[in-house]
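Chemist: After the structure tokens below, expect a handful of questions from me.
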Amino acid sequence: MSAHREETVRRLAAPDIAARKGGVPIVCLTAYTAPVAAALDDACDVLLVGDSVGMVVHGLPNTVGVTMEMMILHGQAVMRGSKKAMVVVDMPFGSYEASHEEAYANAVRIMKETGAQAVKVESGPTVPETIAYLTRRGVPVMGHVGLRPQAVLLEGGFKAKGKDDAGRAKVLEEARLTAEAGAFAIVVEGVAESLAREVTESVSVPTIGIGASAGCDGQVLVVDDMLGLFDWTPKFVRRYADLKGEIERAAAQYASDVRDRSFPGPAETYYAKKP
């Protein structure tokens, strides 16, 4: 027997995240590629393969055009790059709304082909029933209430939710139904602090906020926003780096070195051995 054993790292799963209700805040970031997933893995509890990949990686105007194939491809990459964090894959628009059976088939396909630990679905009138159908059949589901990016065409843009009494009641009801249906956690997006706290206090599962204040049980951001890869930064984002600026500076220096023939230099050049 070998004297050296490879250390096994246990990946977090739905019960671990569910148990964090009211405890140390859950750390979540989006990830779409293996190298970024590897870099985020130690710091994060959850890596969300969000359908935001359509906008931040593929340049789409919204998430409506994201496909199952795209989500599976990026889910596979994130699973390969990470070891510890729970990986949750968004179910794209049109993959879970038509029927419970279709939602189940697509959720199972995502989990089998990626190896992810759960899927995420956005709220809607029939979605709690779908969540219940999936969880009864062994599929861990993360919910999503408040601002729904997949409904951007229906609602005329990315608009904060719960601004009046009726809106607040709707978000609270969606959260209640989502939790009761069996979701192990709920993303709360684009709502006022008071509503985020009320949602968090009203459900028995952890809430993970994005644009929803520190009143949630955890936080998620799009990693490209957090790293400063875009010129525009949403109000709810704190930029922890300026990678766009770093990339531009590195590319400019590389271009200069190529044009003045200082790259490649002796250190980057292969030479034939002298006889």
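Cβ from N, Cα, C; glycine included.
Per Swiss-Prot, the feature active site, proton acceptor maps to Glu189; the stated evidence is sequence analysis. Among the features that Swiss-Prot reports, 3-methyl-2-oxobutanoate binding site is placed at Asp51, Ser52, Asp90, Lys120. What Swiss-Prot lists as Mg(2+) binding site is Asp51, Asp90, Glu122.
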Chemist: Report the same-chain neighbours of Asp90 (3-methyl-2-oxobutanoate binding site): residues 6+ apart in sequence with Cβ closer than 8 Å to its Cβ, ordered by sequence.
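Modeler: Residues satisfying the criterion: Leu48, Val49, Gly50, Asp51, Val66, Met71, Val119, Lys120, Val121.
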Chemist: Could you check what DSSP calls Ser52 (3-methyl-2-oxobutanoate binding site) once collapsed to helix, strand or coil?
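Modeler: Coil, per DSSP.
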Chemist: In angstrom units, rounded to an integer, how far apart are the Cα atoms of Ser52 (3-methyl-2-oxobutanoate binding site) and Glu122 (Mg(2+) binding site)?
Modeler: 13
Chemist: If you count Cβ atoms within 10 Å of each one, which of the recorded positions Asp51, Glu122, Glu189 comes out on top?
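Modeler: By the 10 Å Cβ neighbour count, Asp51 comes out on top.
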Chemist: Applying a 10 Å Cβ distance cut-off over all chains shown, what neighbour count does Lys120 (3-methyl-2-oxobutanoate binding site) have?
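Modeler: For Lys120 (3-methyl-2-oxobutanoate binding site), the count of other Cβ atoms within 10 Å is 23.
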Chemist: Would you list, in sequence order, the residues of this chain other than Asp51, Ser52, Asp90, Lys120 that have their CB within 8 A of the centroid of the site's CB atoms, where the site is the one recorded for 3-methyl-2-oxobutanoate?
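Modeler: Apart from Asp51, Ser52, Asp90, Lys120, the close residues are Thr30, Leu48, Val49, Gly50, Val53, Thr63, Val66, Met71, Val89, Met91, Pro92, Pro149.
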Chemist: Tell me, by DSSP, whether Glu122 (Mg(2+) binding site) is helix, strand or coil?
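Modeler: Reduced to three states, the DSSP call for Glu122 (Mg(2+) binding site) is coil.
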